[in-house]
């Protein structure tokens, strides 16, 4: 056999081997349980003959088959392979290797191009590894490139630390911080890794970024601090961690709401109790609508969605629609919290800004005799009126619940004016007759 024939046989054998490996890879993918791999492996078997070598390598990486990757590179020769090849999603070999979690594969492609190259979604290999929780890959990549987010025209892209924290990948978080990841870097929505640690409920991640200097008073685009988020989730352990690190218990978001507001709005009664016990907490803190924690507790007792009722007519229809009583344990928790607010100096006659509603007006609207009598016993004025001039008696007269008469009696016992008129000239009695 001459040299020409020998070369032809070698080439033929290499091509046959390549086709065989390509077919095997496609067959493995076809029977894979990994839906992500199968979704991108929709080639008919006969296309194995024309499968680009780069695509074959990508599929081998996705199968975490380093032997197949090495064999394909060996058979084709490095000069015949485009190591900067991008697939339909703009991903290179290094992106797929990072997502696979294989340290062996990452090392194969470390020198194949820039390590901070972004795919079509704006993600770098490091971001892919952090999102999947591949600590070893992160350690390898971070030796060759920065762990902090490169400048990108897409502000919604998070940093590797954000992604690791969001996924509760504690080892990855530790590795990134050890390699200089910025603990206060902002994502597109203004969230810091600490915000995401609280949202995911990962105490380890929260402590890790705090130990590296994360600011517990940082705010997102809504003005919410991590403590606001902890209050929404009833995570007292997380809240305690934040307060010990210097979080402000009375911080206000862009709507003027404090963590205590958020705890009450989300029925987080354990959290509300915890916050009330903190030094310096302001029980009379009002949001931008003049709504205070005391108003919110009563609104929640009424089964309200949190929207303030603008006038007595709206109050009556809403009361009829939401007259179903809350579960006894929940109602008891709300009343207990209300008592604590009053004991700590909550203003029992404070008015909201938009509708001018007092706690007593809201309690009457709720149809809860227990709330009404509790407020009256703590100095609530029966003469207060909302911005339409409607007194608590006007509202009580419009109730359709079984507690109507007992609430009317309670108001009369405390000296309400039965002849007072609202701004439309209606007294409680004439208003009732008009409704009939």
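In case you wondered, yes, glycine gets a Cβ from its N, Cα and C as well.
Packing against the repeat 'ANK' (189-221) from elsewhere in the chain are residues 156, 159, 161-162, 164-168, 170, 173-174, 177, 183, 227, 229-230, 233, 235, 237-238, 241-242, 245-248, 251, 253: each is 6 or more residues past its ends and has a CB under 8 Å from a CB in it. The repeat 'ANK' annotation in TrEMBL covers 189-221 (among others).
Under DSSP, residues within the repeat 'ANK' (222-254) fall into helix, strand and coil as 17 helix, 0 strand, 16 coil. The repeat 'ANK' annotation in TrEMBL covers 222-254 (among others).
Within the model, the repeat 'ANK' (255-288) shows a mean pLDDT value of 95, rounded to a whole number. Annotation comment: TrEMBL describes 255-288 (among others) as repeat 'ANK'.
Sequence annotations record features per position, and here TrEMBL assigns repeat 'ANK' to 355-387 (among others).
Note on the repeat 'ANK' (388-423): DSSP counts are 16 helix, 0 strand, 20 coil. Residues or ranges marked as repeat 'ANK' by TrEMBL: 388-423 (among others).
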